[in-house]
C-alpha cells in the first residue's frame, strides 16, 4: 500500500526505495514496509544515538576511578559496539559483491548512518571508562534510545524472516539471504550489548568510586594546611555543599512548578543516598513553618472567642496576646489562646481553622472540578473515535482531531489532578503543623489539675490520631461534593448511550449504597472498639516496660503476658470482624463493574437494541469512572464523621482554663518588699469542689452498708504562711499529710478555692526540685544547664555543692554521659542530685525542695545541706520538705503538716520540742567520708570536647536500616502468613484478574462478531475459543449472554476467594508476629531496657503492630490487585493493538527509571519521617511528665521552640515525601497520556489503511484510560508496601537480635530450697555491658542462716549491683553465687526469683485495684491482705482510697511516694520468702513510719535472711553484720559493735566522723 504522492512532498520515492516506493504497510505481507522501517524509524534513532554520544564524549566531567570488573563490562560493550559498526559496513560490502543490482540508495544511506553512529558510540563507551558519571549504563537518554534501536532490530529481523519465506523474484534472493543473515548477527550483538547493561553501579559499592579532579591538585591556590578539596577560603554552606536544596519552590519558574521539575534535585539526591537527615531536604517556605502556622491559628482562636456581649474595651484587654502566644507580661506563663477564659465564650476550633486556611482550601476545589470535567471528556471522545472508525462516514481530519482531543483532555486531567492532590496535602500539612504546636502550647499553659481530666494517652492522641484524622478529612470534603457530581454526570452520559437500560445498573448501584454504608458503619464501630482495645493493650504494655525490673524480680512475666494475651485476643476479635467486612467491601469493589456491566448490557439487548463498539466501550469507561466514587462515598462520610469527632475532642482541650497567674497570685504591696511568700487563709484542692461533693455523695450511697471510710479528695485547708526573703523554711509531717501538695499550691499547680497567695519574683520563676526527679533525655550537663549558657566557674561550684564531682569521675564520660528517658542509667541518688544541680544552676531567688535528702546517704545529704542549701543558696529563700528532722534545726521557721492543715509553725526550738526522741546520737554517716581532693577540672569536660561522647552512649539514635528492605523481611512475613496460604492467595488473584479480562474481551468479541461477519477472522489466533466461536451463530444472543454471564460468575467466585483468603492471611500473620515480639521482649535482658528508650520499644507494640495488623495487609492487597490489573491491561491492550509495542518499548525503561528513582528516595523519606516523628512524641511525653518543673523555671518558651523545631523537621520530611509522590504521579500520568495518544493515532492509521477493528480499539482505549491510575497505583502501592514492611523489619529486628536471658536449668533446686537462706558470694565480678568497668570487683562474703545484713556505701559503690547479681538480672562475668550450697547459675530463673523477695528502690504500681497490685497472681485471701496492710500501717490510707477494690491510678499518682513504697513492702510481707532484699525502701517515709516498718521487718522476717541497703544508721545498727562497700569492693564485713570497737576500721572512722 503506497502512500499517495501528494502527501510526501512530491518526492519520487521509487528512486530512493526501489519498486513500490515508500510503503507504510504491506497488505500482502501483513508487515511494515522495509524502506519505511529503514528511512523513517531506524535512521532517526541512529542519528539521535550518534548526536547524544558525541555530546557526552566531548563533555568534560570529573575523573572516575572504576573497579576491574566494571572496566571488563565496559570492554565487552565496546567490543559489541565495534562489531556492530563493522557489521554495518560488511553488510553493504557483501551485498555489493554478491548482488550489486539489488541495492537501493536507502540501503547505502542506512549503512553510512549506522556505521558512523556505532563508531561515535564506541568513542563514548571508551570515554565512559573514566568520565561521564558513575553510572555504568551511561545517560538515561541513551538507554532509552538503545532500547528503541533494539526493538527496531527485532522488528527488522521479523520482516526479513517474512521476506526470506516469500521472496518474489529470484534475482533478489541473494540480497534477502544476506540481509537475513546480518539481521540475525545484529540482533545477537544487540543482545550482547544488553547483557552489559544489567550490572549497575550498585553492584560494586558505589562508595568506592573516587571523584578526582586533576586540575584541583595542581591549583596554586590550594590551602597548605586544609583539605585539598576545599579552597583557601571557607564558604557558606550553600557554596560548600553542591547538593544543598534551598527553600522549596523558591525562585522556581512557572513550568518547573507546573511539571514538578523543582522536585527532581531531591529525587536525584535520594537516589545517591545523600538523605541522611532532615537538613538534607528542602527548607520549608515561611507559610509552612510551625511557628508561623501556630501564631496564625492562635490569633484566629482569639478572634473566634470574642463575644458580642463584651464591650470593646474588654475585648481589647482580653485579646492582648502576642501573635506567638506569649503575653505582654513575662510574669505570666506563655498563653495559647486567651486570658480570662471565664469571661469569654469558648473559642471555636473549626471557625479558627476556617479563618486561617479556608480561602486556599476552598479555591483548590476548582482544580478538582476541572479534573472531573476532563475525566468525563475521555469517554465522550472515545465514543466519537470508535463511532468514526465504525461508520467511516466522517472526514479523516476529524478522526485525528478526536485522537488529539484524547491527548489534550488526559493531559489536562493529569495536571489538574496532580496539583489538586499536592495543594490539598500542603493545606493538610499546614493544619497539622498548626494543631500539633497549638496542642503542645496549650498543655504548657493549663494547670496540672485541669490537664488531669485527660489521660496521658488521650493528650498524645490529640497530637497524633486526632490531628491525622482532621488532616485526612481535607480531601474527603472535596470528595463529598465531587462524588455526587461525578455520579450524576455519569448516569446522564450513560443515559445518552444506552437509554433507559442504564436504570438496571443504576438500581443495582443504589442498592449497593446502603449496603456499603451499613458495612462502613459497622467497620467504623469495630474500628472504635479496636482502638479502645489497642489503647488498653498499649497502656498495659507501657506499664510492663516501665516496671520490667520489678516484674522480673517477682516473676510476674507469665501473668502479664497472659494479661496482654487476653487484651490482644479481644483486639483480634474486633480486627477479624473488621477485616472480614473489609473483605466484603473488596468483593463488592472488584465485582461491581462486571455486575453493573452485565445488568446494563443485558437489559439493553433484551429491550431490542443492538450493541455497538462505541456504545459498549463508552459505557464501560463511564462505569469504570462510576465505581470509584460509589465505593468511596461511605468512606468519605466516615472520614468526615471521624474528623468531626476528633475536632470536638481537641476543642475540649482548648476549652480548658489556662493558668491565669494574675488571678491566682496577688501582687505584693510595695511596703511589703521584704516578703518572699505570703499566704493568707488559703484553701487549695485537686479539683472542682462540686465534683468532689457529687463523687462523695455517690460513693456514700454505694458504700452505705459497709464499714469502709468514705473516700474524699485531699485538700489543703486554711493555709497561712509569711516568709521573708532569704529565710529557710522547713516543712515536716507524716506520709500523705500534704507536704508536696503545699509546694504544688505555691507553684499554682492546684486549684485555689479561696484565700490570698502572693510570691515575689514571679517573672523570674522559682527553683523546684520534685520528690521524684524529672530528667530529660540528653547528657548530664544538658540537664543541669537546662537551656542556660555554660559558665565554667559557676558550673564547677554547683557540681561540688551537689556532691556530683565524684560521680562524674566514675561515669564513663563524666558530665557528658548520656541520660535516658526518666534518668535511666543513673541511680536514685544521682538523679536527685542532678535535679538539684539543675535548680541551683538556674539561680532563682526562691527554691522549693521536696524531700531531696531521702534518695542520698547521710554523708552526701550533710554535704548537700552544708554546701548547697546553707552554702550556695544561703541568701535565697528556701522551703524544704523532709522527714529528716536534723536538717530543720537551723531553719528560720518550721511548718508541721497533718491531713492538709498546718497544725504547728514557729521556730525550731518551739516546734521540735516534741520530736527530741528522733534526734538520736546514732545518726552518723554510713557513707564515704574520704573526700576526694582530685582536681575536679578534669571531671568537667570543656565545651569543645562535647563531641567525644562514648560510643556506648545511651543517647545513640535508633538504628535505621538503609537501602532496600531485605528479602528475608518479606520471607519472614510470608512465613508468618504461611507458604501454602500465600500460594492460594496469589492463585486466586491470578484467576480473578484472568476472568475479569476474559469478560471484557468476550464483550469486545461479541460486538465485533455481531456487527460484521467480515471481521470474524480478524482474531484468528483466539486461543481455545476459536473453535467455539466459529461454530456459533452470529445472531445467537443467548449464546453470547450465557458465555458473558459464565465469565462474570467465575470472576465473582474468584474475587470472593481472594478477598477472604487475604483477610485471613493478614490476621494470621499479625497474630504470629505479635506473639513472637512479646515473648522476645519479656524474655530480654535488663541491659536491653537500659539502653533502649521506653518509647522506642513501645513503638513496636503500638504503631508498628498497628501497621502489621491493619495497614500492611490493606496496602499489600491493593498492590497485588493493581499489579495483576496492570498486567492484564497491558496484555489485552497489546493483543488489541500489537503496534502499541513501538510506544511501550521506550516507555518501559522510562517507567523503570521513574519507579526506581522514586522508590529509592521515598523509602529514605519514609525512614526519615519515622526518625523525626519520634522526637516530637518523646519530647511531648517528657514535657507532660515535667510540667511543674518547666513552668516553675519559666522554661515554657524554650520548650515551645524545641517542639516547633521537632515538628518542623518532621514537616520537612512529610512535605518532601508529598512532593516526591506528586512528581512521580504526574510523570506516570504522562505515560498514560502517551499510551492513550498512541492508541488513538495508531487506530487512526489502521483505519486509514482499513485494518482497524472497532471492538479491539474500543477495548484498548477504555483500558488505556484507566492505565494511568494503574501505573501510579502499582508504584505507589509498591512503595507504600515497602514503607509498611519497615514495621515488619523493625519487629524482626527485635525478634532476631534482642538477646534473651540465660534461662538454662542444669539442676532442679532441692525440695523446700532455700531452707537456711545462706548466701555466699565468691570472687563475683559483674559488668553491665562488656566494655564498661566492673560494678562488682571480686566481691566475696558469706551470710549465716536468718542473718540481718546491712549494706552501706556511697552512691555507685555497687550496693544495688549485689541484688542484680543475686537475682541474675545481669549475669556475672566471674566467680559464683551460692544459696544454701546451690550455685544459682545452674537453676532456672523462675526457680531462683520465686524463692527470693525484694523491696525495690523505686516503687512500681500499675493501673488496677489495690488488691491486684499487692497480689496480682491472686494467691492470698482478703483477710491475709488486710493483715499485711495492717502490719505495714497502710490500712487508713487504703480505706480512705476506697478499700482493696479501689483503683490505683497510672504510676500510683493518687498515692504519695511513701505510700507506694509501703505497698511494695506489703508484697514482701505476703510473700514471706526465706531471703529478703531491701533496696533503700524506707527512703521516702518519715521517721515514725520508718520505725514501724523496721518493727514489721523484725517480726515478719525473724527466720529469714534480710539484706538491707539503707541510709539511716539506726537500720544498720540493728543488723547482725554490716557490709561496707566502695567502688565495687568489700571493705569490711562484721558486726557493727565489733567494727566500732576497732578504731582502725573504716566503719569506725565513718561513724565517729559524723556524730552530732
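Glycine is no exception: its Cβ is also placed from the backbone N, Cα and C atoms.
Automated prediction, rather than curation, is the source of TrEMBL annotations.
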Transmembrane segment according to TrEMBL, located in which of 175-195, 196-216: 175-195
Given ranges 921-949, 1008-1036, 1037-1065, the stretch to which TrEMBL attaches the annotation transmembrane segment: 1037-1065
Tertiary contacts of the transmembrane segment (1118-1151) (same chain, 6+ residues out, Cβ under 8 Å): 143-145, 147-148, 150-151, 590, 985-986, 989-990, 992-994, 996-997, 1000-1001, 1004, 1228, 1231, 1234-1235, 1238-1239, 1242-1243, 1246, 1253, 1256-1257, 1259-1260, 1263-1264, 1266-1267, 1270-1271, 1273-1274, 1277-1278, 1280-1281
Which of 364-642, 1024-1283, 1319-1552 contacts the domain 'ABC transporter' (700-924) most, counting Cβ pairs under 8 Å: 1319-1552
For the domain 'ABC transporter' (700-924), the mean pLDDT of the predicted model: 79
